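Student: Could you have a look at this structure, given as structure tokens, before my questions?
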Amino acid sequence: MAASSSSDAGSHELQKPYPEVVIAALPNQNTGEEVDDEYHDFNRGHTRNDQVDMGRMGKVQELRRNYRPLSAIAFTVILQGTWEVLMTATTQGLTDGGVAGLIWSFIWTFIGFSFVMAALAEMASMAPTSGGQYHWVSEFAPPRFQKSMSYFIGWMSTLSWQAGTTSGPFLVGTLIQSCAIVMYPSYTPTNYQGTLMVIAVTVIVWALNVYGTKTMPLVQNIMLVIHVCGFLAIIIVLWVLAPRNSAKTTFTQFTNEGGWSTMGLSLMVGQISAIYACICSDAAAHMSEEIKDAGITVPRAMVSAYILNGALGLVFLISYMFMMTDVDAALHHPTYYPHIWVFRQAVSSGGVAALNVIPTILIFAGTVSFNLSTSRQTWAFARDHGLPFSSWIGHVSPSLQVPANAVTVTSAITIALSLINIGSDVAFNAIISLNVVSLMITYVFSIGCVLYRRIQHPELLPKCRWSLGRWGVPVNIGGFLYSLYAFFWCFWPNATPVTAVDFNWAVVMFVGVAVIAAVDYAVRARHVYKGPVVLVEGWKGE
């Protein structure tokens, strides 16, 4: 019995709006037990367990399952890139909290997000689909809200990942410009140059993700090695050559450069840097239909990647904060990247450029992975008729076995948004700020829905091979509350008093996207969007 079939649902079955999926009867279907895995479809790369899961969800296997356990872990590790994010995106944390604030906020954020990650991992085992959060909401929400809530979360998830995909090429471009500034101090970067770099990076990413998907698992494994070796190289150089703070300063010196009324409030505002470093565990879930034996491999990859990235991130952050001997000078460096200032205290200009190549390469690799995950989530939502032009976006190339149109749409959106940066970097930053806040609301809804199902109708939850068991309710409660807490703080500006430059435009973008989604629902989607739950085995309409 599927999770979405419940006693409070009506007795009549809704006519399914999509073609029926013919799946052979298999043993142990939906029992949570391992089935005989000697079966293997050499054309698509899936196992009997994958076929059981896809059959329960009413989905056709259209993509090739190229990813194995190691490459699935590598994919998630590189996309999250925790220590790289802590290096390149900690301006807000340094402004509001300082060196000690960043360290302690990362620790409590990592602990809080562990509940979120565990809840998402279990749902990824229950329903291993590229749709992720909107599919889980559709399955686990109260029946009368399944359609509207899943549609809203589908839009939020799609726009969140699209906005996040735009930030990767932007980071790569500005890191390249930073090297130019270090080597040629007279160079003055311009917005249009940054946009051209974003376009160039995006075109390369598009080509790799359309024509190079078969080699991506190998590339991800290589990047995992670079991820660890690059971490070691930078840590060793900093500890050997850079001047450093005392332990007392590093762990107890808090700063409030944002002008907030109390240090505690400043810390709450500054924790967004740590939050940004811990998000996107659900990336592996959006690749579920390309990962072999996804029902167990995906949650294991999520947990393993989170632990590995958290450990590397904490060691790197503590080391980095030891070397942050002058926060004000670092924040006002001509490149606007504090880590460039830290590098310069240890090595020559040439050495800075060489060290900066490491995060640039890894963030580029993360951008490739981000585009992959985003395009799969977008493709899945289009497959369920959640987006305009769904038929075209949801098409899979038969020869490539890749949702090439979704990759093209994702890349086109990145390029279109980058053009805004030419006229106003404030507007551009406003759009990419949508990434974190929208992702948080998808976590709130999906975890909240599975918590509802677990409390109200636990017998209707699908059995899974990676289960929280008796810890399900407390972990879901912890994940739900932490996601709600993080969602609240994502709207706060960096400093006060607030100007147009300092204003956190996420609230405007969030409401704007919600309005656009509501209009699309009223005009188009309510007639065609039923939600993925209508294909789930055993589902009955209200």
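A Cβ is built for glycine as well, from the same backbone N, Cα and C atoms used for every other residue.
TrEMBL lists 66-83, 103-121, 152-172, 192-211, 223-242, 262-280, 301-322, 342-366, 402-420, 426-452, 473-491, 503-523 with the feature transmembrane segment.
Please situate the listed features within the shown structure.
Tutor: A Cβ distance under 8 Å defines the sequence-distant neighbours of the transmembrane segment (103-121), meaning residues of its chain 6+ beyond its ends; these are 86, 93, 97, 250-251, 267, 270-271, 273-275, 277-279, 281-282, 285, 298-299, 302-303, 306, 310, 313-314, 317-318, 321, 443, 446-447, 450, 466, 468, 475-476, 478-480, 482-483, 485-486.
For the transmembrane segment (223-242), the list of distant contacts is 70, 73-74, 77-78, 81, 83, 87, 312, 315-316, 319-320, 323, 342, 345-347, 351, 355, 358-359, 361-362, 365: same-chain residues at least six beyond its ends, Cβ to Cβ under 8 Å.
Listed by sequence, the residues of this chain that lie at least six past the ends of the transmembrane segment (301-322) yet keep a Cβ under 8 A from its Cβ atoms are 69, 72-73, 75-77, 80-83, 86-87, 99-100, 102-103, 106-107, 110, 113-114, 117-118, 120-121, 124, 227-228, 231, 234-235, 238-239, 244-245, 247, 250, 277-278, 281-282, 284-285, 291, 339, 342.
Among residues of the same chain six or more beyond the transmembrane segment (342-366), those with a C-beta under 8 A of the stretch's C-beta atoms are 78-81, 84, 87-88, 168, 171-172, 175-176, 178-179, 182-183, 201, 219-220, 223, 226-227, 230, 233-234, 237-238, 241-243, 320, 323-325, 330.
Non-local neighbours of the transmembrane segment (473-491) in the same chain are 109, 112-113, 115-120, 122, 268-269, 271-272, 275, 436-437, 440-441, 443-444, 447-448, 450-451, 454-455, 504, 506-507, 510; each lies 6+ residues outside the stretch with a CB under 8 Å from one of its CB atoms.
Below 8 angstroms of C-beta separation, residues 148, 151-152, 155-156, 159, 388, 426, 429-431, 433-434, 436-438, 441, 490-494, 529 of the same chain, each at least six residues beyond the ends of the transmembrane segment (503-523), sit close to that stretch.
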Student: Count the Cβ pairs between the transmembrane segment (192-211) and the transmembrane segment (66-83) that lie under 8 angstroms and are 6 or more residues apart in sequence, then report whether there are at least 3.
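Tutor: Result for the transmembrane segment (192-211) with the transmembrane segment (66-83) is no.
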